[in-house]
Protein chains: 2
Amino acid sequence: MSAPAIKAPARQMMELLEELAAFSAPGPGVSRLLYTPEWLQGQRFLQERMAALGMEVRTDGVGNVYGRFAGSQPAAKVILTGSHIDTVLNGGKYDGAYGIAAAVTALHYLRQNFGQPLRTVEAVAFCEEEGSRFPLAYWGSGNVTGLYDGSEAQRCADSAGVTIASAMEGCGLGRRPEDCGTAAAAGYAAGRAPLREDIGTFVELHIEQGIVLEQAGLEIGIVEAIVGQRRYSVKVAGSTNHAGTTPMGLRRDALAGAAEMLLAMEQAAIAAGNPLVATCGKLEAVPGTPNVIPGEVQFTLDVRHSEADALEHFCSMLLAAFEEIAWKRGLTLQATATLATAPAPMDTGLNQQLQHIARQQGRSFRSMVSGAGHDAQLFAPVCPTAMIFVPSRAGISHAPEEYSSPDELAAGLNLLTAVLYELAYKES
Amino acid sequence: MSAPAIKAPARQMMELLEELAAFSAPGPGVSRLLYTPEWLQGQRFLQERMAALGMEVRTDGVGNVYGRFAGSQPAAKVILTGSHIDTVLNGGKYDGAYGIAAAVTALHYLRQNFGQPLRTVEAVAFCEEEGSRFPLAYWGSGNVTGLYDGSEAQRCADSAGVTIASAMEGCGLGRRPEDCGTAAAAGYAAGRAPLREDIGTFVELHIEQGIVLEQAGLEIGIVEAIVGQRRYSVKVAGSTNHAGTTPMGLRRDALAGAAEMLLAMEQAAIAAGNPLVATCGKLEAVPGTPNVIPGEVQFTLDVRHSEADALEHFCSMLLAAFEEIAWKRGLTLQATATLATAPAPMDTGLNQQLQHIARQQGRSFRSMVSGAGHDAQLFAPVCPTAMIFVPSRAGISHAPEEYSSPDELAAGLNLLTAVLYELAYKES
């Protein structure tokens, strides 16, 4: 059996994608926020479907769902594949759900056509990745890998004041120390408690959520690394003054200062070159009245790079440039780090396998950096991890307009299925 | 009698100022928005006070209050002095009220000490200047001079949906065509209907609301001109995109474009020199999420200059520069003019008189441009008009911290009183 012989049933996957999309709160697109009724119905539907396909189904304390085909070598670690089932508010039907539908379809196809695998395979639907309801992200994969130990559930609340713990309880869920294995339970006491320590490999298939593949006219992206992120909240303070009676030379205009900073940031980011990106997405000028010089501006910074050193260097350099602009203008600057994640390199060996298969399958592909965060970055420090992208039309995601064509989705499915075959069925 | 002999009673004015400040909605500073209960009580208090001082008191259809000492030459036009009684929300106690308290004090002092004037003098409290409750400004002086004809009252509503007409009715007010004189009533039919056509001179005393006098260590500002203003609402549109997955080179970032525009505006304004000022006071980036590149930015422009040509030239040049920045970045630009007022030059003869008296009174003074709008600009096209400034501590106004010292306020009162003496008592 070689990769070209793999013919995973794309139609079955597309049907499952459509079925999942139906579990949504009202409104445009798909809205399936963590621990909402539509989320719960979606996870239950998926459990039933996995069971109907002959998988052993189980959920863990935070609501991740696993469908398993046990391997003939029970000592071998698990080959895990999947993605997250939650969406942003008014999101699309591919982000996350595609990786789940493809995982279930691929494993079922392999079981039907090639029998019991040597190594146990599992399809996973992580309960949460987006951070759209509660002020944290990767709740699903983070509990599995030990980024979280479950205690966050008591402290974290949504905008209505509902804690994760209370929302979980409403879904009949709840993570306790004894949910972990023995080693993990010890880790729980020590402050780090992965829900699972039996994962040997993780492969995630996902839409690109960017325009790189479309612009290059390529079918497949093989992710080299997921970028590290730094986020800051920056406050610039000057003097609130009358827009008519304050001559230009006597102003300490916080907004003019912020404008100079944003322009400096853009120029520095362009100069640094790909894959560095730097963005201000949110800016508020106070008091925000047309005829008053803003005395205060608060804005966000989002900086990403696939290399830790380059990320660190850029951020230090940028904040120093901001300081200089503030000083020159008689403004004060306060930059608070709000997020810092390290870059997550994917497994080189797995990526070579993926390239080899993609060539066999006649796919056009490239290696690329993922500028967005994904569940895969949580697994990268824990086990060999890989990630496959398919094109996103116009680079749009997190919107009802999110779209990848059936052919593009099928190409991703076939690559995933072939690599899972090699991982689970071939003697190593 | 010469100017140095004028000794207007500053204490009486300060007491009246304090009394007026008591008419305020709860909260910090003074809040006396048009046609609110505190506004109505303030205007009624003022009518009683004027009557107690021997003035003939009357109000017009929009609620302006006049206190008059009739002159012995009834054919001569009226010498009018005063300012506005409304405040911004949480404003100070000097902006507007100072000009009223000084006017009442000055005219009463002159009547007491020099008897009946040759020409009729009136102190006025305009009902509204700030534009803080309804989306128009100068409602008081604008109805007097014919900028408004009263019909706006039906169309204009505050943020709670209450129209000016209905708010006026609640105060027992309402402007009808027959409120105008015969000539004015004809003008009313023709679309322009000043409530009064008997005003011969208008003099307004006001706090500077800027830092120019304080920085220069001067006691008095004699206004050469009130700036003309142009306001615009500018919309910059690009593409909303994922902050992580969109390389710098593939972005159409509306906020980065807006930042470049604001910086260009600041540089051009500094290059143009005083008295030009240009300000962006309000900016909104959409969607306003830290990890999303803003696809749209809306910001305001406020540009002022005392010369019409220079104002026009700067605005055209600036909007052309904005167009170029937008074009270069693949953004679209839409600039909508939201306000355009012409510069209002004050009367040269009156200003010479003021300078002469200021010298006699031993005051340090300068000619200056008013960067803020004032009721006086409505009178400038109608009759000889002058405006006197006293220093504002730290240039602060429209805030509870607004302050001018009793000595500074007294100096302004004495100059106003002396010029009113010359205008009303001296044979021309």
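Even glycines carry a Cβ here, placed using N, Cα and C.
Unlike curated records, TrEMBL annotations are generated automatically.
For the Zn(2+) 2 site, TrEMBL records A:Glu130, A:His398, and the single candidate of A:Asp60, A:Asp95, A:Asp198, A:Asp347 listed with them is A:Asp95.
Site annotation (TrEMBL): Zn(2+) 1 is bound by A:His84, A:Asp95, and the candidate from A:His206, A:His242 recorded at this site is A:His206. Note: the Zn(2+) 1 site is recorded as A:His84, A:Asp95, A:His206; in the same chain, A:Ser83, A:Tyr94, A:Gly96, A:Ala97, A:Tyr98, A:Gly99, A:Glu129, A:Glu204, A:Ile207, A:His374, A:Asp375 also have Cβ atoms within 8 Å of that site's Cβ centroid.
Residue density at A:Arg304 (allantoate binding site): 29 other Cβ atoms are found within 10 A of its Cβ, drawing on all protein chains shown. Note: A:Arg304, taken in sequence order from the binding-site residues A:His84, A:Glu130, A:His206, A:Arg304, have a C-beta within a distance under 8 Å of a chain B C-beta. Compute the center of the Cβ atoms of A:Asp95, A:Glu130, A:His398, which mark the site for Zn(2+) 2; besides them, the chain residues with Cβ within 8 Å of that center are A:Thr87, A:Val88, A:Gly91, A:Gly92, A:Gly96, A:Glu129, A:Ser132, A:Gln209, A:Ser397. The two recorded residues, A:His84 (Zn(2+) 1 binding site) and A:His398 (Zn(2+) 2 binding site), have Cα atoms 14 Å apart.
Spread of the allantoate binding residues is 37 Å (greatest Cα-Cα distance among A:Arg231, A:Asn291, A:Arg304). Cβ neighbour counts within 10 Å, taken over all protein chains shown, single out A:Asp95 as the most crowded of the binding-site residues A:Asp95, A:Glu130. All chains included, 20 other C-beta atoms sit within 10 angstroms of the C-beta of A:Asn291 (allantoate binding site). Reported as a whole number, the C-alpha separation between A:Arg231 (allantoate binding site) and A:Asp95 (Zn(2+) 1 binding site) equals 23 Å.
Note: the CA-CA distance between A:Arg304 (allantoate binding site) and A:His398 (Zn(2+) 2 binding site) rounds to 19 Å.
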